[in-house]
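Positions annotated as domain 'Glutamyl/glutaminyl-tRNA synthetase class Ib catalytic' by TrEMBL: A:29-338. The annotation motif ''HIGH' region' is assigned in TrEMBL to A:35-45. TrEMBL lists A:E36, A:P37, A:N38, A:H42, A:I43, A:G44, A:H45, A:A46, A:K47, A:S48, A:T232, A:R262, A:L263 with the feature ATP binding site. Marked as L-glutamine binding site by TrEMBL: A:D68, A:Y213. Annotation comment: TrEMBL describes A:269-273 as motif ''KMSKS' region'. For A:341-441, the entry in TrEMBL reads domain 'Glutamyl/glutaminyl-tRNA synthetase class Ib anti-codon binding'. For A:457-530, the entry in TrEMBL reads domain 'tRNA synthetases class I (E and Q) anti-codon binding'.
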Amino acid sequence: MSHEPSKTNFIRQIIDADIASGRIAAGGVRTRFPPEPNGYLHIGHAKSICLNFGIARDYGGQCNLRFDDTNPAKEDPEFVAAIEADVRWLGFDWGDHLYFASDYFEALYACAEELIAKGLAYVDDLSAEAIREYRGTLTEAGRASPWRERSVAENLDLFRRMRAGEFDDGARVLRAKIDMAAANINLRDPTLYRIRRAEHHQTGNAWCIYPMYDFAHALSDAFEGITHSICTLEFEDHRPLYDWLVEHVTLASRPRQYEFSRLTLQYAVTSKRRLTRLVNEGIVDAWDDPRMPTIAGLRRRGCTPAAIRAFCERIGVTKSDNLVEMELLDACIREDLDATAPRAMAVLRPLKVVLGNVAEDHVEYLALPNHPKDEALGERQVPFTRELWIDREDFAEHPPKGFKRLVPGGEVRLRGAYVIRCDEVVHDADGEVIELRASIDASTLGANPSDRKVKGVIHWVSARFGVPAEIRLYDRLFNVPFPDREEGDFLAFINPASLAIAQGVVEPVLAAADVGARFQFEREGYFCRDAREPARLVFNRTVGLRDAWSKVAGRT
RNA sequence: UGGGCCGUCGCCAAGCGGUAAGGCACCGGAUUUUGAUUCCGGCAUUCCCAGGUUCGAAUCCUGGCGGCCCAGCCA
């Protein structure tokens, strides 16, 4: 019995069968990850990346990184660079196999001429609106364009003049001649090329006609010798067109398309259109805002590549709805970080404690292990002084039932240090607790009192040596599980508490933390030194610790 | 109401005619100087429903029901 979910999936089973039947050689599987550089990669892309690169890795095959850059108006080289960085950061390597669909523009153009020559494509003069009308509806067949029966010679001439720039943008398109009555709308003479005078980030002004996705994608797969072209379910209806193209164009190889269901992460959105709005409308700071489900956002939040890979492994690959709870991602992050993150103490909502029986100038360095289970992570010196900060939530004047932290007259263990007793509570004029007077039991360093049980353990930071830090507490960006499915604008469901900023105090070692370094702040959660503001001491909460107490406390 | 696809625990998911894996979540309980981690135990007599085939059905057949996707010169 495995304790991990089975690593196979229906696509791997298809590949196994293809190898068994001899359709492909054992190490001959070739996949590709084909992003359009019109935005940043998100967690849904991570699923596809892990699938495609994972298959190539496990079968000794090859996975190409291919930018599907057929729409220059929406694309930007900034996104090309970000996508490459994100795929690498996730732990995958495309070797020499970095391609652009735009690398094939000349070859694709030749394929289009071949289709025209075979009488399988024609230049249509209809406007975009007219084409839509002629296409028919889901229940009614479409009608043939009046330009559908042009001669091969005329089509060739017109298409060449389209390329030469003789016509205005949108004046004509090249269409496949398939079947205007097809039940599958994708087969009702789909557009193959459009005229669009836009500077392309890779090809500059070399072209004024650009191929459509269906045309470019299928043929690019064939050019690259892709054996298994894996995409998401919404392209299932496009497969007959994919097959039609790959059949009617003279090609050296015959790729096949397979579809799996895309990931829907609850309490998040992953459509590029919506992510772009979040950025452009300033709802979040940028594509790498830690609340974004982008790879860059997850990275900045402190998530590890291993955690994302484990997540993608666990959600599986099927054709049924993949509506995954955020808790699964959180669990994967905690699992990785629990094993690898050094521990430290940070007080998020400081409350001063003055230890009456500790001398004013007393400084005692306590050697604390950086990890409870991994000695290799070493230890650090933590200064202990008369005045400390503890978290306000670790003290209660009127404790709820079951509270085992500090209370008036009660005792608690300071993590890694002494047991203290709260002797006095100092209030301000409004009755607010502003300070605690306490005393240590000097016999309890590294030892428990023999005559009584001290249940609670709280974390602390020396007031004299502690360092102020901004601590950003991130929560889910939306307050409904499926923002996309709600009525109205999805921005209405933004969680107003998705970011809470705390001005805390951290132990001295953290002042020297590298940017991007991850820690467990004991009893709080996992945090990462923010990489965007290296000049300041800012920590982002990656994920909180599992918290059984809040559940108990919440019940009463 | 055209076409395509999908329905196995709250979520994900194995299963591929021989009698329901696993993970997350949840609920106990043990250990613990993190209310963490770890550990141990519980958690689908039933697989959307109804018929049928079979010695035997989540798996095959038929008919329903429910959900998702498609009418860009986007990908």
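Using the three backbone atoms N, Cα and C, a Cβ is placed for every residue, glycine included.
Sorting the binding-site residues A:H45, A:K47 by the number of other Cβ atoms within 10 Å puts A:K47 first.
Under 8 Å from some Cβ of the motif ''KMSKS' region' (A:269-273) lie the Cβ atoms of residues 38-39, 42-44, 262-263, 293, 477-478, 483-484, 490, all in the same chain and six or more residues away from its ends.
The DSSP breakdown of the domain 'Glutamyl/glutaminyl-tRNA synthetase class Ib anti-codon binding' (A:341-441), given as helix, strand and coil counts, is 6 helix, 51 strand, 44 coil. Comparing A:T232 (ATP binding site) with A:D68 (L-glutamine binding site), their Cα atoms are 15 Å apart once rounded.
Compared over the binding-site residues A:E36, A:D68, the count of CB atoms lying within 10 A of a residue's CB peaks at A:D68. Summarised by DSSP class, the composition of the motif ''HIGH' region' (A:35-45) is 3 helix, 1 strand, 7 coil.
Note on the motif ''KMSKS' region' (A:269-273): DSSP counts are 2 helix, 0 strand, 3 coil. In space, A:H45 is the closest of the binding-site residues A:I43, A:H45, A:L263 to A:Y213 (L-glutamine binding site), judged by Cα positions. Cβ packing within 10 Å was compared across the binding-site residues A:N38, A:T232, and the lowest neighbour count falls to A:T232.
Straight-line distance linking the Cα atoms of A:N38 (ATP binding site) and A:D68 (L-glutamine binding site), rounded to a whole number, equals 10 Å. Non-local neighbourhood of A:I43 (ATP binding site): A:L263, A:L265, A:A268, A:T270, A:P293, A:T294, A:I295, A:L298, A:I308, A:F311, A:L329, each in the same chain, at least six residues away, with C-beta under 8 Å from its C-beta. Looking only at Cα atoms, A:D68 (L-glutamine binding site) sits nearest to A:E36 among the binding-site residues A:E36, A:H45, A:K47. In this record, ATP is bound by A:E36, A:P37, A:N38, A:H42, A:I43, A:G44, A:H45, A:A46, A:K47, A:S48, A:T232, A:R262, A:L263; the longest C-alpha to C-alpha distance in that set is 20 Å. Residue counts for the domain 'tRNA synthetases class I (E and Q) anti-codon binding' (A:457-530) under DSSP, split into helix (H, G, I), strand (E, B) and coil, are 12 helix, 32 strand, 30 coil. Every protein chain shown contributes to the tally, and the Cβ of A:Y213 (L-glutamine binding site) ends up with 16 other Cβ atoms within 10 Å.
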